[in-house]
Amino acid sequence: MREVALKGKKILILGAGAIAEAMIRGLTEADAVSPEQIVVTNKSNLERLQYLQETYRVSIVENLEDEAGSEALASADIILLACKPHDVANVLERIRDKVIDPVVLSVAAGVSTDLMESILGQNARVVRAMPNTACAVLESATAVSYGKHCEEETKTLAETILSVLGTVSVVEEKLMDVVTGLSGSGPAYFYYMVEAMQSAAENLGLPSDTARTLILQTLFGAGKMLQETHLDPNVLRRQVTSPNGTTMAGIRVFEEANFKELVERVITRAAERSREMGEQQASILQ
Ligand SMILES: NC(=O)C1=CN([C@@H]2O[C@H](COP(=O)(O)OP(=O)(O)OC[C@H]3O[C@@H](n4cnc5c(N)ncnc54)[C@H](OP(=O)(O)O)[C@@H]3O)[C@@H](O)[C@H]2O)C=CC1
Ligand SMILES: O=C(O)[C@@H]1CCC=N1
């Protein structure tokens, strides 16, 4: 089914940074898309393009204005927009007259389908997605919402690609900024926690390798417990928390520092930042 939907589709990726690489790696390693179906370009960093070409065997285009660039634009079935939010309007303006009705799948934080439609023309099929870098290992938590002109075929195509890379949740577009602050940025929150646990463990005398093994397996085990038992995290937490034991003592320190409130502030601020970046792009067009 997946092979049929993606078979022969040409994917042009505008942007060659962290998320583009994670998606390329996931799609090619899962064998969902062959490297010949993918063309990547960026603004100016040729070394980076060459690295992607050598690593994943994808094609690269240095300049969208030359013959190879024009050919890549005209033949693209899907344009994956993976540049920074502040480059989106400019990039879309440059390509709009050179593409032939592709599906535009944007992963840019904050940038609305309205904005993209207003640049590309009102019939453009525009998809706004928010994956995370775990695309690289096919474990992204991706959310998606659709522009006004996406019919079932476009939705199926987008969800087929994204579901290769992990889970896909369809959400109302007004929730995309929250999703961005939650699961788009989310891996970094867990990595930050791991960094903190690692340095605490080392400060308390554990060898670095041992600390890393213990922390990563604890993180992985907790995630698997949440997924496989379907129990509420609160229930699972209580199973670890013996009366008057070590966990209770540790959690009390979290509570004294208002940890839950802090996490809410973190996600609220990240969501707000997504909104701000979208508004900055919208204001350029006014
Ligand atoms: N990193 C993440 O975890 C996630 C990021 N995103 C979104 O993905 C997008 C990219 O993020 P990320 O990969 O981290 O960013 P990076 O800074 O790593 O990459 C940005 C890429 O965009 C390229 N670029 C800039 N201008 C143009 C242009 N005019 N035409 C083509 N390419 C261009 C840059 O090229 P050059 O190097 O030559 O300047 C670079 O390859 C952002 O919008 C972000 O919101 C979404 C989900 C997760
Ligand atoms: O930090 C960012 O802006 C991007 C969006 C989600 C994850 N990284």
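Every residue, even glycine, has its Cβ placed from backbone N, Cα and C.
Summed and averaged per residue, pLDDT over the domain 'Pyrroline-5-carboxylate reductase catalytic N-terminal' (10-110) gives 97. What TrEMBL records for 10-110 is domain 'Pyrroline-5-carboxylate reductase catalytic N-terminal'.
Annotation comment: TrEMBL describes ALA82, CYS83, LYS84, PRO85 as NADP(+) binding site. Sequence-distant neighbours of LYS84 (NADP(+) binding site) (same chain, six or more apart, CB under 8 Å from its CB) are GLY15, ALA108, listed in sequence order.
Applying DSSP to the domain 'Pyrroline-5-carboxylate reductase dimerisation' (173-277) sorts its residues as follows: 90 helix, 0 strand, 15 coil. Look at TrEMBL and you will find 173-277 tagged as domain 'Pyrroline-5-carboxylate reductase dimerisation'.
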Which chain neighbours of the NADP(+) site, leaving out ALA82, CYS83, LYS84, PRO85, have a Cβ atom within 8 Å of the mean position of the site's Cβ atoms? GLY15, GLY17, LEU81, HIS86, ASP87, VAL88, VAL91, VAL107, ALA108
Taking 10 A as the limit, how many CB atoms besides its own sit near the CB of PRO85 (NADP(+) binding site)? 19
Take the domain 'Pyrroline-5-carboxylate reductase catalytic N-terminal' (10-110) and count its residues per DSSP category (helix H/G/I, strand E/B, coil), listing them in that order. 46 helix, 18 strand, 37 coil
